[in-house]
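J.: Pasting a structure here, questions to come.
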Amino acid sequence: MYRAIMNSARLSGAKQKALLRGQQARMLNVHEYISMDIMKGYGIATPTGQVVSSVDEAEHVYVNMLNKGDAVVKAQVLSGGRGLGTFKNGFKGGVHLATTLGDVKKFTESMLGQHLVTKQSGPAGIVCNKVLLVERLYMRREMYLSIMMDRTTQGPMIVASPVGGTSIEDVAASNPEKIFTEPIDIMEGLSEEAAAGIATKIGLEPGTATHAAGADLVKRLYKMMIATDATLVEINPLAETNDGRIVAADAKLNFDDNAEYRQKQIFAKRDYTQEDPREVEAHKYDLNYIGLSGNIGCMVNGAGLAMSTMDIIKLKGGDPANFLDVGGGATEEQVHKAFEILNADPKVKTILVNIFGGIMRCDVIAAGILSAAKQIGMKKPIVIRLQGTNVDEAQKLIQASGFRMIVVDELEEAATKAVAIANIVKQRT
């Protein structure tokens, strides 16, 4: 998401790569209305409004809270590009301006229960179960402000621009000089000078009340980020209204999954309907799983080996169906569940298991796979490559099991066979 921003900011290659790696970390992504609620708790101004889940609720909010004034109706789906998306029922756009009650009812009805397809959602789209109704803001200026974790500086990084309300990637491509960054020493915190400097860079005039309000918002945003263990806070647009207010007109927050134990109230707001069911199930068993679009299921230990496995599958002409890292200390139960997830995926035509046993014992992997195979049956062809700790014991378990599995010693051979088998199965179905 931020590759163009980082390029435009002329950061080092190492810093760009570190940031992009950070975006791949497991994290909690919450809806806009939840993000706004959290921001309100830290004194950050947001538009008046309320989330609804029915047309009747939308009518009540429009009449009683927004006083029948102009309103913005926003589909609550966890995807970027909502405004340019299209619902499966043909209704275009996940963000609309409503000037009448009829507009509110029509837009809400067209969105609720429908799947919104965006540039980020994939062709299946994401279901819209809630709609956010907020007051229309009359804006003098639209700006962009975000804070994210940067691994190279080992602390937060502010990314800001005087141009907001549009794709920040487009701004970075067309006007890179309008993207500004400010690293923060996490031990020292955000200084008054840095906050004031950001307010100036986004176009607020020093010495004015709006500049002071902008600097104050930057400080509050940073305080919120640290207090909530957020990995990303983003406001686009950050609005300066005609009456001089500085308002977060949109909001996006992500949180570090490792902080779940101390951010229970926030993590209780996780909306599993917005996530890949396979990833949700894997998360329950602490498995690192990311669903992809291919047909070769991968079970690997270690993120680096998993990436290498996917690379060699592509090199051999295949397409991985997932990233699945069982980790270095997986139990037989976790391996069992990992195999169940792969076996149940209708897109998967064959499964490639690639284990390099160090801390992770090969016999534990084999036992977990065999346990799952006995319980649910072996519906997919399996290619297994095992090396390392207790590999001989693992191979004995497989040989004695009675299940037909293709066992090889080298990864290249394993990938070649997995791709060939997947192609054969695909042709037969």
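Our numbering is plain: 1 for the first residue shown, then up by one each step along the chain.
Cβ atoms here come from the backbone N, Cα and C positions, even for glycine.
Just so you know, TrEMBL annotations never went through curation; they're auto-generated.
Here the structure is a predicted model, which means the values were calculated and not measured.
Summarising the annotation, TrEMBL assigns domain 'ATP-grasp' to 36-267. The ATP binding site annotation in TrEMBL covers K74, G81, R82, G83, E142. Annotation comment: TrEMBL describes N236, D250 as Mg(2+) binding site. If you look up TrEMBL, you'll see N301, G358, I359, M360 marked as substrate binding site.
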J.: Let me know how many other Cβ atoms fall within 10 Å of the Cβ of N236 (Mg(2+) binding site).
T.: 22
J.: Neighbour count first, Cβ atoms within 10 Å, every protein chain included; then name which of E142, D250 tops the list of binding-site residues.
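T.: In terms of Cβ crowding, the pick is D250.
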J.: Measure from the Cα of N236 (Mg(2+) binding site) to the Cα of every one of the binding-site residues K74, N301, I359, M360, then give the nearest.
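T.: Closest by Cα: K74.
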J.: Which of these binding-site residues is closest to G358 (substrate binding site) if you go by CA atoms: K74, G81, G83?
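T.: Among K74, G81, G83, G81.
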J.: I'd like to confirm something. Which of the binding-site residues, D250, N301, I359, M360, has a Cα closest to the Cα of K74 (ATP binding site)?
T.: D250
J.: Compare the C-alpha of G83 (ATP binding site) with the C-alpha of each of the binding-site residues D250, N301, I359, M360, and give the closest one.
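T.: That would be D250, the closest of D250, N301, I359, M360 to G83 (ATP binding site).
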J.: I359, M360: which of these binding-site residues has the highest Cβ count within 10 Å of its own Cβ?
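T.: In terms of Cβ crowding, the pick is M360.
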J.: Please report the Cα separation of I359 (substrate binding site) and G81 (ATP binding site) in Å, rounded to an integer.
T.: 43
J.: Between E142 (ATP binding site) and M360 (substrate binding site), what C-alpha distance do you get in Å?
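T.: Their Cα atoms are separated by 52 Å.
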J.: What is the number of other Cβ atoms found within 10 Å of the Cβ of N301 (substrate binding site)?
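T.: Result for N301 (substrate binding site): 26 other Cβ atoms within 10 Å.
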J.: What average pLDDT is reported by the model for the domain 'ATP-grasp' (36-267)?
T.: 95
J.: Using a Cβ cut-off under 8 Å and a sequence separation of 6 or more, which residues in the same chain sit near R82 (ATP binding site)?
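T.: Looking at Cβ-Cβ distances below 8 Å from R82 (ATP binding site), excluding near sequence neighbours, one finds K74, A75, G93, G94, V95, L116, T118.
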J.: With Cβ-Cβ distance below 8 Å and at least 6 positions apart along the chain, what are the contacts of G81 (ATP binding site)? List them in sequence order.
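T.: The answer is T118, K119, Q120.
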J.: Please report the number of other Cβ atoms within 10 Å of the Cβ of K74 (ATP binding site).
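T.: So the Cβ neighbour count for K74 (ATP binding site) comes to 25.
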J.: How many whole Å apart are the CA atoms of M360 (substrate binding site) and D250 (Mg(2+) binding site)?
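T.: That separation, Cα to Cα, works out to 45 Å.
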